[in-house]
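These notes are about the structure you will find just below.
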Amino acid sequence: MYARHEKIPMKDFAAEIRASMDVENFMSEAKLILDLHESTVEATLEKMVRFLLDNKEEPEVAVDEVRRALFTHDSVHQLARTIQGTCRTYGGGFDYDQSWVCILCSAPSIVKRRVAIARLKHSTNLGRTSQEVHFVILILTPTKEKGTKNAMETGRTFATMFADMDLRLRLLTARSDEEFKQFLYEHMKELSEEQASSDIDKIKDEPPKFDFEAAYSVRVIADFKRRWKHTWSDYRDGFVGPRTLQKTASTTIFLYFACILPNIALGVLNDKNTDGRINVKKVIYSQCMGGLFFHVFGGQPMVILLTTAPLALYTKVIYTICDDMGYEFDAMFACVGLWNSFFLFIYAFSDASRLMKWVTRSTEEIFSLFISIAFTVDALKDIVHDFEVNYECDANRSPTLNQTLAPTISPNSTGSPIESCMRERSLLFLLLAVGTLWVGLSLYNFTKTPFLNAGKRELLADYALPVAVLVMSFFGSYVFRAVNLDPFTYDDNPVFNPAPLHKLPWDGVLLGMGLGFCLSLLFFMDQNISQSMVNSPDNRMKKGSAYHWDLMIVSLINGMLTFFGLPMIHGALPHSPLHVRAMADVEDRVDQGHVYQKIIHVRETRVTGIISHILIGLSLFLLPNPMQYIPIAVLDGLFLYLAVTALSSNQMFERITLLVTEQAAYPPNHYIRTVPQRKVHLFTFLQLLQLLLMCFFGFFYIPYVKMCFPVLIILLLPVRHKLIPKAIEKKFLHALDGH
């Protein structure tokens with residue numbers, strides 16, 4: 001079978017008057033079918049053709065001619081002429097835009113040009129390159145039609161409009177013919193204005209201006225100016241738009257649970273590591289005040305600040321040093337935090353964030369995978385510890401002592417019996433942790449099931465985390481109330497205590513400077529990698545980044561927090577990308593039977609961050625009860641949930657799974673098509689080596705070794721750009737490691 005592909009240019013709505021006329025003619029004739037219930041291309045086109053030609057103007061023979069002209073004349077029975085959009089994929093390849101198809105047809109018996117648009121009730125497979133079609137545009141023209149009005153030119157007009165993801169998203173939400181046509185008309189005007197302004201910019205011939213900000217590296221001011229003009233829309237976009245209120249509500253609740261529960265878990269860990277100097281209450285205060293300040297004054301509101309496991313480990317290092325050398329912990333902690341803020345301030349104003357252009361996808365994925373491993377390790381440590389205490393207690397008891405005391409203590413004896421093993425506690429601990437993970441993942445992936453309708457499936461997926469936590473907390477605290485589970489520790493001591501910096505000697509100040517410098521490297525990479533993943537081209541963010549401004553804001557926040565003995569916070573993974581995902585509208589794509597999702601629109605707003613942190617502040621009134629009704633096992637299940645959900649868009653994890661996947665089942669990814677298989681596995685192996693090295697230093701049992709961890713993160717950059725190109729050609733690296 002012979003087929004020919006031809007690339008056609010998009011219509012210029014500013015220069016070509018016929019483009020606007022085509023849309024206006026369609027709107028006046030209103031050949032529109034919403035929510036068409038058909039599952040085959042033949043049935044769909046039959047209804048559309050009947051809808052277009054069921055009038056006295058067209059002869060009866062026209063219907064039969066159109067049927068024959070729509071399809072090829074062979075046993076394959078494919079559409080003869082279609083227009084589809086294409087989009088670039090990673091590595092320079094392309095993919096079909098499979099959510100719409102424009103079908104062209106010319107027949108001698110057709111009297112006048114006609115256009116119909118059908119929105120299908122459910123996405124339908126209409127062929128090899130049209131496996132998830134929502135919109136069908138059918139264009140019928142006479143064979144003898146002038147060039148500006150023929151099928152191809154008319155098809156270019158509507159194809160140019162439907163190539164825009166945002167328009168398709170709005171059209172999917174249209175509830176009437178009038179609203180559908182209004183969206184088309186508004187988009188036509190937007191295209192005309194955008195293309196007209198683009199033409200004006202091209203013909204301007206102005207001398208280049210001296211870039212004062214670039215010359216003096218004051219990028220902080222440039223970031224502020226870039227984001228300031230979007231301040232009003234940052235709040236408006238949290239309330240205005242189709243399904244926006246639903247998304248804002250579900251994301252706010254998601255952020256509340258995704259922040260407050262790690263706060264409690266890491267507060268318990270800090271309480272244990274610092275002998276109560278930093279506790280749950282201080283962590284929640286830090287999260288509330290720091291998060292609110294950032295979401296009001298920060299540049300990129302989709303980034304979520306959080307105290308993290310690496311910060312808890314570094315706090316333990318500071319406490320260990322103070323305990324060994326006799327320094328006052330509160331004074332040393334504040335000193336390290338202030339030095340850290342000082343160095344971050346220098347990084348912000350010295351243009352250091354421009355180094356992020358050297359941070360590639362592989363660096364982001366290695367670090368993201370390390371965070372997932374850190375969450376998993378923390379959860380497994382608690383589970384193993386509970387089994388050691390409650391399940392294997394008989395193994396730690398002396399048999400001789402048991403045999404000697406057993407006859408002397410009877411059930412009626414007044415003596416205190418030896419405490420028996422409480423294996424039911426360990427089993428319940430494991431059940432709650434795994435159950436939280438299972439319920440959360442089941443609801444998170446509920447959109448992939450055939451149950452209920454699309455709206456209810458998406459609603460359940462949006463509330464996956466809070467529902468999982470509440471359900472398993474109910475089981476742990478009520479259904480299994482006969483099993484005693486230890487609640488998390490809570491201390492009601494005063495929170496705001498200024499650091500006694502005068503008690504720290506000069507050698508302690510110098511030591512604090514060294515610790516603060518190493519910590520600033522961790523902050524610099526964590527904050528910028530989190531923002532880089534938020535600003536990834538995959539997320540289609542439109543309001544711009546603010547790396548330098550946000551680094552300055554984080555510097556100010558942590559300087560204030562550590563002075564009062566509150567834990568530090570910075571941009572967190574996977575919370576920041578998950579925040580973007582929660583506020584996004586996605587489109588399903590199918591490629592050779594493999595379904596994947598593509599983000600088409602993100603609501604970039606400050607509202608979710610502000611409201612969720614207000615709720616976190618109000619949660620202080622829920623301490624200790626009813627917050628203590630949440631078992632520690634459920635908190636560990638939350639860690640497992642965050643670790644697993646962060647893997648869904650991690651290409652490094654996908655390539656790791658290829659090592660144990662049958663080759664015939666490999667997905668048709670861009671790197672599978674363009675890179676030799678050995679090079680793919682070699683690149684994955686090199687990434688695994690870097691990840692294992694990070695895990696070695698990050699989880700080493702000697703606290704002092706963990707001080708090298710921030711430096712190791714920085715070293716990922718020269719390794720990627722100096723060593724890895726010696727093993728893998730740059731053309732393959734572009735496909736494997738490009739956005």
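Cβ coordinates come from backbone N, Cα and C, glycine included.
According to TrEMBL, the domain 'Bicarbonate transporter-like transmembrane' annotation covers 220-392 (among others).
Positions annotated as transmembrane segment by TrEMBL: 253-270 (among others).
Residues or ranges marked as transmembrane segment in TrEMBL: 291-311 (among others).
TrEMBL lists 331-349 (among others) with the feature transmembrane segment.
Among the features that TrEMBL reports, domain 'Bicarbonate transporter-like transmembrane' is placed at 411-738 (among others).
Among the features that TrEMBL reports, transmembrane segment is placed at 427-444 (among others).
A Cβ distance under 8 Å defines the sequence-distant neighbours of the transmembrane segment (464-483), meaning residues of its chain 6+ beyond its ends; these are 253-254, 256-258, 261, 422, 424-425, 428, 432, 435-437, 439-444, 446, 629-631, 633-634, 637-638, 641. Here TrEMBL flags 464-483 (among others) as transmembrane segment.
Annotation comment: TrEMBL describes 504-525 (among others) as transmembrane segment.
Look at TrEMBL and you will find 545-566 (among others) tagged as transmembrane segment.
Taken from TrEMBL, the feature transmembrane segment applies to 607-623 (among others).
Residues annotated as transmembrane segment in TrEMBL: 629-647 (among others).
Taken from TrEMBL, the feature transmembrane segment covers 680-701 (among others).
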Ask   = Relative to the transmembrane segment (629-647), which of 253-270, 427-444, 545-566 accounts for the most Cβ pairs at distances under 8 Å?
value = 427-444
Note = Note: vs the transmembrane segment (291-311), the recorded stretch with the largest number of Cβ pairs under 8 Å from 427-444, 504-525, 545-566, 607-623 is 545-566
